[in-house]
Amino acid sequence: ERNLTVVTEFFLLGFQANKSLRVFLFCLFLVVYCGTLCGNLLIIILVSTSQNLHTPMYYFISQLSISDILLPTDIVPNMLHILMTNGGTITFIGCITQYYFFGASVVFECFLLTVMSYDRYLAICNPLRYSSLMTRTCCVKFIIIAWCFSFSTALISSVASAMLKFCGPNVIDNFFCDIGPLLDLACSDTFLIHLEILLLGSPILIIPSTVIIVSYVKIIVAVLKIRTSTDRHKAFSTCSSHLIVVTIFYWSLLGVYIFPTQEQTFNTSKLLSLLYTVFTPFINPLIYSLRNRDIRKAVMKIVNIYSKVYTEK
């Protein structure tokens, strides 16, 4: 029988391992987190200051960088603490707050990647109408709607989670507060919140993924109609970076929440969660900067400016 004491804090197990492995993971995640902050801040600064990057695509990339800073900042600092202490407590309010910002970041990224795929569709399939359709005002409206919808959706599920009663075990076998483990620990009825998550989550996943698939099918058809291989390569290279980011993000998300296998252990689930909470925000700026000529040029321009200032001194 469950203890009737009301739970005021949760114990996050994190990664139960020997000290040497935990120290290695601590150093790895710290380096990745610092790299994530530096890489994404660099992209935000470049897009803000470089005139040739003032286009819809780079505006969306800078918004992705903001999301890629918010998500790991919500997860990693506490995870590093848990690694050093081999598990750690988090208050009930802290747990709900962490889940809120996590949910908002993930939902925002789903919608942003959808908008970016639509942007690439217009650029390749309707190049003559692109500038009139994807105006600056239109881009800003897309982003405001995406952020507002993400934070309001996350608020609904977070408030519903906060209303649940927790009076039994308080151990979460994860490195952050996620909705699944929280519902497993609740001692009150979770039917309504499961239904709410299903009703909110299904459109959030189905509509963006459908738009992305349809957009890329049309892009591929349009690219294949281009006669010369050079022009085909040039057209597809403008959206290949985005396609890589979409694949990594959705693959890991689907693996954890939609199609978890019967054999999937907690460790497998944690590794997939690490992929989209820690490593994807680190990989994204690398994909967009290393594979993008305009961003490389903007970086070199800044490097040249600073080197000239340094030599003049």
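In case you wondered, yes, glycine gets a Cβ from its N, Cα and C as well.
TrEMBL annotations: computationally assigned, not manually curated.
Taken from TrEMBL as is:
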DOMAIN    39-288  domain 'G-protein coupled receptors family 1 profile'
TRANSMEM  23-46  transmembrane segment
TRANSMEM  99-118  transmembrane segment
TRANSMEM  139-164  transmembrane segment
TRANSMEM  204-224  transmembrane segment
TRANSMEM  236-259  transmembrane segment
TRANSMEM  271-290  transmembrane segment
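Contact between the transmembrane segment (236-259) and the transmembrane segment (23-46) is not supported, since fewer than 3 Cβ pairs fall under 8 Å when only residues 6 or more apart in sequence are counted. Tallying C-beta pairs under 8 angstroms between the transmembrane segment (139-164) and each of 23-46, 99-118, 204-224, 271-290 places 99-118 first. Within the same chain, the transmembrane segment (23-46) stays apart from the transmembrane segment (204-224): fewer than three Cβ pairs sit under 8 Å, each pair at least 6 residues apart. Mean per-residue pLDDT, taken over the domain 'G-protein coupled receptors family 1 profile' (39-288), amounts to 88.
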